[in-house]
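Straight from TrEMBL, the features:
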type	residues	note
DOMAIN	2-261	domain 'K+ potassium transporter integral membrane'
TRANSMEM	44-65	transmembrane segment
TRANSMEM	86-111	transmembrane segment
TRANSMEM	136-156	transmembrane segment
TRANSMEM	168-187	transmembrane segment
TRANSMEM	193-211	transmembrane segment
TRANSMEM	223-242	transmembrane segment
DOMAIN	273-357	domain 'K+ potassium transporter C-terminal'
DOMAIN	461-537	domain 'K+ potassium transporter C-terminal'
Amino acid sequence: MFKFLKKTRKGGWMSLGGILLCITGSEAMFADLGHFSYAAIQTAFTFLVYPALILAYMGQAAYLSQHHPTSYQISFYVSVPESVRWPVLVVAILASVVGSQAIISGTFSIINQSQSLGCFPRVKVIHTSDKIHGQIYIPEINWVLMILCIAVTIGFRDTKHMGNASGLAVMTVMLVTTCLTSLVIILCWNKPPLVALSFLLFFGSVELLYFSASLTKFTEGAWLPILLALFLMTIMFVWHYATIKKYEFDLHNKVSLEWLLALGPSLGIVRVPGIGLVFTDLTSGIPANFSRFVTNLPAFHRVLVFVCVKSVPVPYVPLAERYLVGRVGPAAHRSYRCIVRYGYRDVHQEVDSFESELIAKLADFIRYDWYRRQQTNPYTDDDASHSNESSSECRLAVIGTVAFSGTPGYEIEESVQPESVSGGFSTVESVTDVIEMEPVGAVQRRVRFAIDDDSESDTRTDMEVHLREELEDLLAAQEAGTAFILGHSHVRAKQGSSVLKRLAINFGYNFLRRNCRGPDVTLKVPPVSLLEVGMVYVV
């Protein structure tokens, strides 16, 4: 390589962009990391892909070394014997299909993880397998990729320009990966910075050489991946920026807990039967959309649950650690907070209905909370202890890992037919976040409370009586039906903002919001159980 560059100088350096095309396509197999294990990909590359590449290029080089003086065509198919040329062409076409499928699958995985982290507009994600979570399909992205492929083919009409675009894209990916890996060496592997610097200099210098050679083909088709990258980065930045600003607005305009506890008949507020699930991004405090809801409709449900669905920056969250449940105010208020945590590769749609799962976790928490109170202060009258509670929110408990004794206050009943607790509407199958699954013949489960009615009530403690009452209220609310209270937001840039910010918020973000899937669709909320609260965010 050194002798080649020394002899050819600038011409050899510029030819590196073409030499780069020898390895483009082989990196597509790493897009299958969401579908196969590391060991499978390493084994396939070592024993199949790498030997095949080496043999193919060695054969072409051997042919050129013998026929170079008499041949003016430097082509792979020229070196292939006439008897096997058509079979090799068929294999090459099939290989291109496999490579494109790997890129498509990788695009689906990246878009899915980006929207889970709030960096991409919500799109429909369908899980094509109920066993392998990584097998997903995104219809909108699939159509966009098809349109882009056709447009590039019609627009360029030249494999040379398409090769230049592919070469720069691949080299940029390699260079960015090297830079990020050097950060991983320091931050994740806890290696000395000198090791990361040595890695960056060794691999980065070689990649920069190829990258600079690819940039010389910028006007010959290499501009396309740069343009597409800028376009996608603009969409992701605008969406993420507006999402953060909305969260900050909610955080600064949340209502105190004292306001919620003060709501009562004296202010004309009534509690209606049922369960109200208020979806919010806040993990503490009362969201502003709920205060607006109560202001316009002076009533809310007997059992109130503030639900916060969070995507955390880890691949998977164990089911036993997914639900965090706590009280909002005293037990008599029947208000709770539930934080549901998902990893960016978790399937949000589960076999059980989201409602049934949530009610089961609430029942678990109620029993755990009363058991904890009984263990910590068994001789204190419960009414007095509750009346003396501070108005702050109680700490959250990870339901699924807590341990307590006693007979269950409910039981899970399995049914072959789909069940729903949303007001008895049989069309409701489940509630999901962002990701959907194709319907499978799974067994649904519903919560049926089993409250003891024996004659030993005179021996129960006060806490056991209050536990029974709270479970009875939860059962009655479940039978009355569930309502989903969601915010219907419109974001507007505040006065005095720059022109760029007004364009990004007033036009860019609102256009994306109107044309992507709304929260009621992503959560698969039945229209009969949906209550939307209009909110204007001035950011």
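Cβ atoms here come from the backbone N, Cα and C positions, even for glycine.
Beyond its flanks by at least six residues, the transmembrane segment (168-187) meets 17, 20, 23-24, 27, 193, 195-197, 199-200, 203-204, 207-208, 210-211, 214-215, 217-218, 222, 225-226, 229 of its own chain at Cβ-Cβ distances under 8 Å. The domain 'K+ potassium transporter C-terminal' (273-357): residue composition by secondary structure is 19 helix, 36 strand, 30 coil, according to DSSP.
Across the domain 'K+ potassium transporter C-terminal' (461-537), the DSSP tally of helix, strand and coil residues reads 43 helix, 19 strand, 15 coil. Confidence over the domain 'K+ potassium transporter C-terminal' (461-537), given as mean pLDDT on the 0 to 100 scale, stands at 85.
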